[in-house]
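S.K.: Below is a structure I'd like to ask you about.
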Amino acid sequence: MESREDLNSILPYLPLVMRSSTLFWPSQVVEALKAMARGPLHSRVDSGELLFLAISDLRHSLSLSNHHFAPSFPQGYALFFDELMSREESTKWFEEVVPALADLLLRFPSLLQTHYQTADIAHINGVNTGLRLLRSQEPGIVFLSQELIGALLGCSFFCLFPVTNRGVEHLPTINFDQLFASLYDNYNNKQENKIRCIIHYFERIFSHMPIGFVSFERKVLPLEHLPQCISYPKAEFWSNSVIPLCCFEVQNSGLIEDQSSEALEVDFANKFIGGGALHRGCVQEEIRFMINPELIAGMLFLPSMADNEAIEIIGAERFSSYTGYASSFHFTGDYVDKKDVDCFGRRKTRIIAIDALCSPRMRQYKQECLLREINKAFCGFFAPSKYQQYKRLFPENGCSRAQLDQNIEDPIGRSRSNLLSHDNASTSDESTEEKSVNQVIRNYEEKGCESLGLEDNNIGIVTGNWGCGAFGGDPELKTIIQWLAASQALRPFISYYTFGLDELQKLDQVIRWILSQKWTVGELWNMLVEYSYQKYKGQTDVGFFTWLLPSLFGHDAEMLDLPNTS
């Protein structure tokens, strides 16, 4: 174990000790966890105040006493567990959940050792899937069992992860001290309900431990040309593209996470994945991390994203239902995730984290910023497993429109599928983690899943007002940028949730008109660049849709003939 590069990269950020190829807790931690595992009669941990004292003892045993934590952390635990929780909820938490959580943490070292052993056995396509630091500019993937994720989040709850050197590696927050401290420092309903989502997650997994897997992948568009990779595109790449626009579906109601089709769901991410999930944040990304708490595990080992990177997470289970947004966010109870699983044991929930420019104001109309945003989206939307198909379309000596037309028909006909391969999936249904790991390996060997992404030609993009809202982006600009990126990535469709935004009230009409023109990606990109130049220079003060289609927004809008392309 000592020679493992993957383990050695993450070990400084774990609370475990390694000696003689064995991972273990210090003896004082083992005794404290054993006492908690026997219940409050033995551990005396039956309140938020006493829980904090137990956590302090664990941290002292791990020599973490000098590691900074939020000053109001103890008051936050006391407030939630002793005042905000009902007596019935509190009794269940301390008599059932805390002992089960302590027991899971006792098994954490063995779970992690099993993880590395099975990662060696299950080297898929020669790719290392072991837990490690997935550093910036280093594409890679990590596979974690849901049980191991439960143990990692247990460490977060007890604030056991060392934090001293996390800033050096540009790693986000991972312990829960800020989450609880924020509840006490400035109480609000949304913070309480964020915590209720996390508490519900622990209650659920200890009533029935899930046996699936979740993968976390850093995707990179290399800045220089590398074999078997799509490199970071320049402006000419977009300007000259002859790829037709994919289908565009406008959704004026509903939520991204509630969509039922198999698609890549966009996380409007912070460059530090998770954003303010473990602080006070409560918008799109943070809410997703609360209702799918397994996403939080990625915050342990995924440093911040650069402009040419995205993070894809497949398999995170949803545990909570909710209503509201931001200050009105409210946990409403249990959610049973009925998504199928693939041959790697992952739920078919695909989430792509892409971070937009923050507060770009007028500079968002400069070509370098347009290029940054479209390449960021393209990095997230492009499936590396489809490189060979993509290479056929874009050989180094160029590709004519006639050549493309042989392979890609008009998007209204939805005939892109001949470019892409199909993957079959099956469900693993074993009762223990080890058996489920072995079943995943058998499924891979027997069914020949082609890639870790496990994507077929039916996987589109589900998104919305990425980079708008708190980030201050132009929603008309961001809509078109995402459409162009999805089309260039050969996605069959983009499903766009407008969330009732006023600027997008006529989006469906604009899209239908654009599709009726049968423009290519390059043609629409050039229109966007021209508009943005005029906007930046002060030559126009209208939005892109009005600039492109003034008759739709003028007095004679009713005279405009808009074909029905749906």
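Each position is counted from 1, following the chain as shown.
Just so it is clear, glycine is given a Cβ too, placed from its N, Cα and C backbone atoms.
Note: TrEMBL annotation is automatic and uncurated.
So TrEMBL has the following annotated:
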ACT_SITE  Asp267  active site
ACT_SITE  Glu285  active site
ACT_SITE  Glu286  active site
BINDING   Asn270, Gln284, Tyr325  substrate binding site
COMPBIAS  415-429  compositional bias 'Polar residues'
DOMAIN    85-218  domain 'PARG helical'
DOMAIN    236-505  domain 'PARG catalytic Macro'
REGION    412-437  region 'Disordered'
S.K.: Provide, as an integer number of angstrom, the distance between the C-alpha atoms of Gln284 (substrate binding site) and Asp267 (active site).
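M.R.: Spelling it out, the Cα of Gln284 (substrate binding site) and the Cα of Asp267 (active site) are 7 Å apart.
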S.K.: Which one of the active-site residues (Asp267, Glu285, Glu286) has its C-beta surrounded by the most other C-beta atoms within 10 angstroms?
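M.R.: Of the active-site residues Asp267, Glu285, Glu286, the most buried by Cβ count within 10 Å is Asp267.
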S.K.: Given that the record lists Asn270, Gln284, Tyr325 as binding substrate, what is the largest C-alpha to C-alpha distance among them, in Å?
M.R.: 17
S.K.: Provide the number of Cβ atoms within 10 Å of the Cβ of Tyr325 (substrate binding site), excluding the reference atom itself.
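M.R.: Total other Cβ atoms inside 10 Å, all chains included: 16.
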S.K.: If one looks at the chain holding Asn270 (substrate binding site), which residues at least 6 apart in sequence have a CB under 8 angstroms from its CB?
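M.R.: The answer is Gly276, Glu285, Asp355.
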S.K.: Run through the Cβ atoms and count how many others sit within 10 Å of the one on Gln284 (substrate binding site).
M.R.: 24
S.K.: For a three-state summary based on DSSP, what are the helix, strand and coil counts in the domain 'PARG helical' (85-218)?
M.R.: 74 helix, 14 strand, 46 coil
S.K.: Roughly how many angstrom lie between the C-alpha atoms of Asp267 (active site) and Tyr325 (substrate binding site)?
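M.R.: Answer for this pair: 15 Å between alpha carbons.
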S.K.: Take the domain 'PARG helical' (85-218) and average the pLDDT across it for me.
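M.R.: Over the domain 'PARG helical' (85-218), the predicted model scores a mean pLDDT of 95.
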S.K.: State the Cα to Cα distance, in Å, between Tyr325 (substrate binding site) and Glu286 (active site), rounded to an integer.
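M.R.: With distance taken Cα to Cα, Glu286 (active site) is 10 Å from Tyr325 (substrate binding site).
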